[in-house]
Amino acid sequence: MRQVHLAVLLGFAAFTTALPSPSRSNDHRSTKDAKVLILGGGVAGVIAARTLHSKGIDDFLIVEARDELGGRMQNYTIGVPGKQYTVEVGPNWIQGTQTGNGTANPILTLARKHHVKNQYNDLDGSITTYDYNGLKDYRDVLDTSIEQFTHIGAVAGERVKLQQVDLSLQSAYGITGATPKNMYEAACQYYEVDWSPDQTSWIASAWNNNFTFNTDMGGFSDQNNLCIDQRGFKTIIQAEAAEFLQPKQVSLNSLVTSIAYSGDGVTVTLKSGTTLTADYVLCTFSLGVLQYGDIAFNPTLPSWKMEAIQSMVMATYTKIFLQFEKKFWFDTEMAIYADKERGWYPIWQNLDHINFFPDSGLVFVTVTGDFSLRIEGMEDSEVQEEVMEVLRAMYPNITVPDPVALHFKRWHADPLFRGSYSNWPPSFLPGHSENLRATVDKRLWFAGEATSLKYFGFLHGAYYEGLSAGEEIAKCVGGPTCAGRKHLDSVVDASPYPFVSITP
């Protein structure tokens with residue numbers, strides 16, 4: 001392996017301060033710092049760069065704020081000395097794999113190519129259920145909940161055929177007679193819908209699920225594989241980058257603060273004061289960063305773009321990892337805890353399992369949405385106290401020890417992400433999605449999981465969006481004209497409001 005490629009695999013540690021010279025040796029030489037600036041080195045950014053390279057365009061620069069590539073694919077080494085394990089604080093699963101010789105999820109393809117170890121995770125079949133009094137078998141309720149979610153998806157398909165308006169998942173459960181009536185039904189609903197149902201689109205959540213998991217709709221498979229590779233899940237994107245990226249094509253530890261754009265090109269300013277110029281810029285920032293206004297655009301983004309950005313939801317998904325001296329919990333892969341308050345430390349996963357990390361003493365519990373934001377404002381010791389109250393309620397007849405290690409990532413508070421991944425609310429329309437990924441002045445491009453109509457929220461959504469953006473930008477670089485991506489000046493209702501005006 002050549003030295004440069006080894007350095008890429010190690011996260012470009014040797015090249016974190018180097019910025020490229022303006023001169024490039026390729027077929028599309030630019031008098032600017034680059035033809036294309038790719039802002040963000042996550043899945044979308046790296047796949048866009050790979051696509052440009054495959055088209056013979058190497059005059060690009062990936063600008064990444066962190067000290068390595070991978071974006072939200074982040075891991076953490078947890079455990080006491082001599083018993084440490086790499087766990088994924090960000091994306092953890094290959095969601096939808098492959099059915100027979102059918103289309104493979106591109107994330108699975110990358111994992112196979114780079115020998116990243118992953119294991120089938122039996123999310124529905126290997127499960128134990130609890131409430132605050134201990135073991136409580138309500139797996140029949142879970143089976144019913146799974147059937148209800150499937151039925152709701154089918155009804156959503158009928159609404160699409162009839163061109164009926166979108167509603168929330170909460171409305172969907174009510175309309176189909178499936179509103180949870182007790183805490184067990186609520187916990188099982190949460191297991192299927194871990195975001196707030198009133199903030200989640202009925203129709204979009206159905207197609208999002210079907211296009212990934214339902215082979216009749218072009219999905220990959222209904223299987224989920226958990227990444228257990230001790231190099232970290234990020235290896236799939238870092239190893240892929242190692243095959244084509246040169247050190248001069250990456251600038252790490254480079255935080256973007258502003259982007260100026262015009263018909264002549266773009267100028268990106270970094271926190272260090274360095275400016276970079278290009279003909280085109282691809283923004284792969286998370287939706288949360290765009291919503292928070294962390295990046296100053298000059299001129300300000302047009303109203304149609306801002307409406308699209310602010311109309312989607314950047315959700316937060318938090319895994320709280322704990323290590324104990326030895327395992328005392330359920331032997332299944334998964335567990336559900338039902339509490340009087342929906343979302344109170346409800347989903348548990350056993351990592352000390354023969355399929356994952358046997359004898360590791362590892363287990364994690366997941367919280368989402370407002371609960372994630374709540375614990376981000378707490379001390380780790382306070383979170384541990386609450387988690388242990390739940391565990392001790394689940395096991396009232398044994399002495400449950402304190403953990404020897406605990407860790408969770410504060411995604412919402414991280415200024416580089418402002419959340420975990422996007423969620424489509426009922427007020428977000430396909431026109432908004434079109435505008436979210438549309439170009440501004442044919443110079444400013446956008447890509448990421450949030451811009452994917454079919455696969456928003458998924459790693460493979462980021463992959464496909466990076467691929468698409470790279471192909472379209474390559475056409476612009478190759479000239480002589482650049483079509484860009486069209487937008488709607490206004491996203492309007494299908495029917496007019498019954499009022500002429502609602503203002504004096």
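Backbone N, Cα and C atoms are what each Cβ position is placed from, and that goes for glycine too.
Features reported for this protein in TrEMBL:
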- 1-18: signal peptide (SIGNAL)
- 43-473: domain 'Amine oxidase' (DOMAIN)
- Glu64, Ala65, Val256: FAD binding site (BINDING)
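Confidence over the domain 'Amine oxidase' (43-473), given as mean pLDDT on the 0 to 100 scale, stands at 97. Least crowded of the binding-site residues (Ala65, Val256), judged by neighbouring Cβ atoms within 10 Å of its own Cβ: Ala65.
Around Glu64 (FAD binding site), the same-chain residues at least 6 positions away in sequence with a Cβ under 8 Å from its Cβ are Gly40, Gly41, Gly45, Val250, Ser251, Leu252, Asn253, Ser254.
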